[in-house]
């Protein structure tokens, strides 16, 4: 049963994608939407069935399906093989259910776009690739999904390809993730060489029993980390994600918030046994995650584009996940991944609905007071915002963030004998980040939905859009209750789910941690209300002139730095070398040879040549001279006669 | 009776018939339109018969005694030890299949545009095919050289007569490079034969006999270099690649496809069959340099490809980059790398061939290859654009498609030899993404820049042909295992004896 | 050497030199007449009285009259003599002068052996001349008459065209 | 005996010839050239007469007559040409201008 359902899970969106692509232009928008939703819906149903099947089985049970051997050759083998374990269950549920909701939303959102078939084809293909990614039991197979989602992301960011900025953003996203992919490929090569296979189980076993040298483990972990960082838009690869908001909003919700960008988190969680062995890499991951979450939050605080705020917030939240992963809180990371998928999808979709109804106005300072025009959307957005901020007890974000913070608190890195990195510092950063999260998202809420009304909203949000929104609202409010902090004991469903596959983090955090974690988001909310929310807000707009603000708004200037450091030199160099230098060199050598041989030839024949040339010239000048003699003047003729006579006589006389 | 001579001779005879058909038609009547394409149908019929023959060879031997599928031998010039020796193993067979598939592609998609002296075009086209197939099956070095040169002449004429604006120069460049390097190979062949004659007293050009020649390391290295340079020019390896961009750019579409799809592969085939297998020790000594050249090729080709504005030139440079992988794979010295190189050759033949066809289709419609003047084709021609996107993505090494399998295997084989080289090569993959997507963005996406009236999408039949290639690529990417078992070159040590015994008269 | 002969010879030479150096054509004609008269005297001294008479009548008479008439018709004036002066620069003289001097010197060198003279013999009379002229050389006379006729015709022809052009 | 020895006759004739030659070469005016030619013809005639007297032969004077006729014809034709040229716009009678036969 499972052996059939698991391939079918991937096949149904894939088939939908193929049908949609092939029949492009022949099916109506409605039919295309239905087809895509059916494909994703089927896989959602299958994933629910599969998870029930798996969870009803033994705790360590996994569902392994080997479809066919991919490469079997001396010293190496790779298969097209899938595996469903408890980590993948979480992921397929998130991917298919959130994916389904977003698809349903998109049917309405995209219904009058001429390229709808391309859109849904790419979206369903994305779901299929993502499922391949999360289900693959072989790293090479995972890599197919890994690149596949990148390709779909490229197609969807550049969906409205008429605008050069969009396609540029798409290419940027693809290039930056591709760099990570190259690093990931290196990591895979290293592991494959060391372990002789890329089957995840085999690799992890080889690492665990010391078959792989520690330096190789560190290197591999580093390479894979780079790949994950690029995919998840962490420092130093963060710049592509804000630009990726050029795509349609459902794309941003599905790919650039809920699923694809979390692939890095999933990969590291999947390979946690490898990373446990690589302590420096873990520390690096935690530090980068912490930095990213701070940086993302700070940048989000000064953005004025609604979708960009959400994009930076995504980067920041992914930073949380990496922080958690770096600290070994695998479960927390996955938990946050799940809740983040819910509330960030909700936020994006709501933002999309708002943007559609305000005639594609994305600047939050031109919006305002939308609370009255669209109360439902306002409520949904506020729900999402609360979840993102982690408003205590009622939202999912609170629980997952709490889990991360408690996991981070306990972490401890022994990098060297003298130098250790305590989790407390990282915890502090995380807490600061939580405060900033509440601040920036409620800044957005207060500016957009409260205050003076800026734009006029028209139309109604269609039913097809509201259903997914309400579902996501429920999920982002209640999705967290399945895992309570240790301090409130009763419910630990999520960790119970993952305990067999992912080691639980240490749970001996002091009780006041939860309290602090609850107060800080509320404080952020309060400050936001003071600054932007009151009837006469203190700060209507952050002064955009200040250099630091402008600096922060561009994402720490990293774009500019990269542009000057890599893009421009690359462009210049390619421009410089656009004509093949070697070609020129060789052609030039050829020309030189030709010239030399010609001159050799000439010098060989030169003597004769000069002789004949000189002779000819002499004859011609003599000719000329004779011509001069025949000048037609009688007197000269006479003179010549006399001269001749002279000479003749002289000869006669002298003889 | 072995079907190999028929396999080799069929295309050229069919081509001659196609030419004759056209001549006769010209002389009799040109009134009825359906018979105007009689010579084209003749070519198609030739290809079909050839394919049937090949299918017969492929599937007609359920029980294989040795690794060599077919053998044919007939004395040619007995006093010199030259014979018509043809042998077929999995490597040859898979490359011949590739050739035929690409020829079908050209026949269906590219040759109909040839209106001037089309009969002669078909004849030369099929003559090139004969040369290629002959190269793949010849195991007599003299015969091999004969076929090697036979490929060049019709291709030269194809470029020089039916090419684009700068065709004469490109054709001359192509001819001079390949011909010059071919002479080096001839020297090496003669050197090997004479050495063999001195050592054993037997004057022969037989591949299997020559493989047993005892050689001093220096001599062996010298002879191998002669072969290597010839193959390196054909493949091409970077410092001697300069003929390729011009030739590919200026050639007519069908010739570009043949060049990129198959002619380059003869270089790879030669490296496997004659460099690594005839001179294994010298090849091992030479491997670091060759691998270095391979990496340079990967990076240099990709780099220059990033800077091109001419679509066909861009694809040509990307071919150089991909062929760098082939060199890298062949000289890793492991079976893994060689398999990777073979898969890479097959996949590149399909993807680059298809890309050239698409570029040709664009040029037929817009009469330009400049990417600055093309743009936004997706809206008007979605089928062509989608195919273009697919093959561009394939050529950037998307996992799940054939090119990735080849590249991955090559990298996997390279990593134990030198992680640094492998890491450098992955940079080539990033560059591949840059040039491929640059092309996609400029040509298919972007804002429309051309008159939409010019843009007629691919007909459904041609799309179906492209779809077949896509399926091949996907199969090669997802299920390469049968190809890898099937297409492995026969190890020499085994074959030399078994094939002798099997086919001894 | 007869003093008279010497005088005549010197007059001849001086006259010839004067002919070729004059700027005015009529002067030159007059000097030429003088030269020819002196030459006629010399011919008498050589014992050819008949020739001398012919010289005076035909040459100094008829031909010179022809010259004078032509010069009159040419209507030469001051400007022409100025131009002649212009053309008679020393540079123009030098080359031809040297050339002529060389020829003269060579001829003189050649004729130096003709020295010594035979004993006196009776001079040749018109009778002798007439005999040989109409005896042995009658054909020559006929030829000369043709020559004169052709000269007459050609001169007439050239002059007639000119008359018509007028 | 002749009053004028043959030697001196030849001497005189040579000088006279040279003077005439110089005139032909030097003068550009065609009238003067004709006169110089006459001088040269006279020099030649003088030699014939001298030689006839020296060897007592009538042929010398016969030749003199022929030369005389020749000179007459020459002068007549030459003067006619001069007149013609003068009438046709060559008032200077410059012999150097008639050089259309130059090579």
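Heads up, the Cβ atoms here are built off N, Cα and C, so glycines get one too.
The transmembrane segment feature in TrEMBL is assigned to A:32-55 (among others). The list of residues near the transmembrane segment (A:32-55) in space but at least 6 beyond its ends in sequence, with Cβ under 8 angstroms from a Cβ of it, reads 1-2, 5-6, 8-10, 12-17, 19-20, 61-63, 84-86, 89, 92-93, 95-97, 99-100, 103-104, 106-107, 110-111, 116-117, 120-121, 123-124, 127, 131, 497.
Among the features that TrEMBL reports, domain 'NADH-Ubiquinone oxidoreductase (complex I) chain 5 N-terminal' is placed at A:70-120.
The transmembrane segment annotation in TrEMBL covers A:90-107 (among others).
Under the heading transmembrane segment, TrEMBL lists A:119-137 (among others).
The domain 'NADH:quinone oxidoreductase/Mrp antiporter transmembrane' feature in TrEMBL is assigned to A:136-413.
Positions annotated as transmembrane segment by TrEMBL: A:143-161 (among others).
Residues annotated as transmembrane segment in TrEMBL: A:182-206 (among others).
Taken from TrEMBL, the feature transmembrane segment covers A:212-230 (among others).
What TrEMBL lists as transmembrane segment is A:251-269 (among others). Tertiary neighbourhood of the transmembrane segment (A:251-269): same-chain residues 87, 91, 94-95, 98-99, 102, 105, 119, 123, 126, 130, 133-134, 142, 146, 149-150, 152-153, 156-157, 159, 224-225, 227-234, 241, 244-245, 275, 285, 307, 310-311, 314, 318, 321-322, 325, 330, 333-334, 337, 340-342, 344-345, 347-349, 352, 502, selected by CB-CB distance under 8 Å and a gap of 6+ residues from either end.
The transmembrane segment feature in TrEMBL is assigned to A:275-302 (among others). Using a Cβ-Cβ cut-off under 8 Å and counting only residues 6 or more beyond its ends in the same chain, the transmembrane segment (A:275-302) has close neighbours at 207-208, 214, 217-218, 220-222, 225, 229, 234-235, 238, 268, 309, 312-328, 408, 411, 413-415, 421, 426, 429-430, 432-433, 436-437, 439-441, 443, 542, 549, 552-553, 555-556.
Residues or ranges marked as transmembrane segment by TrEMBL: A:337-356 (among others).
Sequence-remote contacts of a segment are chain residues at least 6 beyond its ends whose Cβ falls under 8 Å from one of its Cβ atoms, and for the transmembrane segment (A:425-450) they are 286-287, 290, 293-294, 297-298, 300-301, 306, 309, 313, 316-317, 319-320, 323, 326-327, 347, 354, 364-365, 367-371, 378, 381-382, 385, 388-391, 401, 404-405, 408-409, 411, 516-517, 520-525, 527-529, 531-533, 537. According to TrEMBL, the transmembrane segment annotation covers A:425-450 (among others).
Remote same-chain residues near the transmembrane segment (A:512-532) are listed as 389-393, 398, 401-402, 405-406, 409, 431, 434-440, 442-443, 445-447, 451, 485, 487-488, 538-540 (criterion: CB distance under 8 Å, separation of at least six residues from the stretch ends). Residues annotated as transmembrane segment in TrEMBL: A:512-532 (among others).
Residues or ranges marked as transmembrane segment by TrEMBL: A:636-654 (among others).
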The predicted model's mean pLDDT over the domain 'NADH-Ubiquinone oxidoreductase (complex I) chain 5 N-terminal' (A:70-120) is 87
| message | With a cut-off of 8 Å between Cβ atoms, can you find at least three pairs linking the transmembrane segment (A:337-356) to the transmembrane segment (A:182-206)? Only pairs 6 or more residues apart in sequence count. | response | no
Within the same chain, the residues 6 or more beyond the ends of the transmembrane segment (A:212-230) and with Cβ under 8 Å of it are 146, 176-177, 179-181, 183-188, 190-191, 194-195, 206, 236-237, 263-265, 267-268, 271, 274-275, 277-278, 280-281, 284-285, 288, 322
